[in-house]
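What TrEMBL lists as active site, proton acceptor is E109. Residues or ranges marked as substrate binding site in TrEMBL: T31, G32, S33, T34, D87, G88, A89, D90, K100, G101, R102, G103, K127.
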Amino acid sequence: MSAAEQAASKRNAGYRAAEEVEDGMNVGLGTGSTVFFAMERLGERIAKDGLSIAGVPTSYQAAIRARRYGIPLTSLDEHPELDIAIDGADQVDPALRLIKGRGAALLREKCVCDAARRAVVVVDGTKMVETLDAPVPVEVLPFAVEAVSRRLAALGADPVLREGVKKDGPVVTDNGNFIVDCGFGTIADPGRLETEIASIPGVLECGLFCAYTEKITVIVGEEKGCSVVSLH
Ligand SMILES: O=C(CO)[C@H](O)[C@H](O)COP(=O)(O)O
């Protein structure tokens with residue numbers, strides 16, 4: 001897929017997801033290039049059609065984008081139950097289990113996904129895979145990063161501390177933590193691995209999302225149009 005085709009696919013997925021949002025909804029706003037297209041379209045609907053919504057952003061980056069598009073913001077404290085969450089993903093398998101976290105926003109993204117009645121996941125076709133095998137990002141308390149990395153290696157990972165592109169040293173998340181990217185190769189049992197990673201003291205969250213398959217709708221953008229996948 002060329003870069004132009006991928007951008008068109010992401011845009012189509014994002015724009016289609018924005019149509020799932022109805023007047024009065026509280027909306028979880030994920031982080032990433034695809035969900036930012038959904039925000040762009042929501043901004044248009046707010047400006048042109050008077051759509052009234054409030055968004056809960058999952059990162060500083062999402063909050064900045066939302067403000068740019070004129071989306072009013074609220075917090076998870078104000079709205080601990082959300083009508084819908086829209087977010088991207090790095091991989092989606094046929095059971096609608098996800099790997100997320102390339103943008104290092106996975107901790108808040110999982111909180112928002114958990115709080116939402118429905119989760120709409122927006123991807124281009126390259127993200128749809130038969131078996132999850134991308135590195136799993138794990139958000140780790142800096143105090144415990146070496147100890148956690150040893151535990152992750154014992155689970156079969158090849159843990160790599162994520163470093164900044166535009167800054168020296170480790171990436172520091174919006175929550176003040178580090179990200180350790182864990183290549184496991186092909187993941188035979190993603191749900192079990194998610195539970196095992198979560199049980200390590202010092203792990204805040206990991207990018208495997210296996211518990212939300214029933215409420216997830218995946219919108220797969222194509223160069224012209226999109227397809228919709230859900231288990232119900
Ligand atoms: O999980 C994420 C951020 O933490 C993103 O949603 C995921 O990386 C997809 O990003 P993009 O839409 O830019 O491909």
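Glycine too: its Cβ is placed from the backbone N, Cα and C atoms.
Taking the mean position of the Cβ atoms of T31, G32, S33, T34, D87, G88, A89, D90, K100, G101, R102, G103, K127 as the substrate site, the remaining same-chain residues with a Cβ inside 8 Å of that point are G30, V35, V123. Residue pairs drawn from T31, G32, S33, T34, D87, G88, A89, D90, K100, G101, R102, G103, K127, the listed substrate binders, are separated by up to 16 Å at the Cα level.
Within 10 Å of the C-beta atom of R102 (substrate binding site) sit 21 other C-beta atoms, taking all shown protein chains into account. Under the DSSP three-state reduction, K127 (substrate binding site) is assigned to helix. Taking the Cβ of the residue listed as 'active site, proton acceptor' as reference, residues of its chain lying under 8 Å away and at least six apart in sequence are, in sequence order, G30, T31, T58, D87, K100, G101. Counting other C-beta atoms within 10 Å of each candidate's C-beta, the binding-site residues K100, K127 are led by K100. The number of other CB atoms found within 10 A of the CB of A89 (substrate binding site), across every protein chain shown, is 27. Annotation: T31 carries the greatest number of neighbouring Cβ atoms among the binding-site residues T31, S33 [cut-off 10 Å, Cβ to Cβ].
Look at the residue listed as 'active site, proton acceptor': DSSP puts it in a helix.
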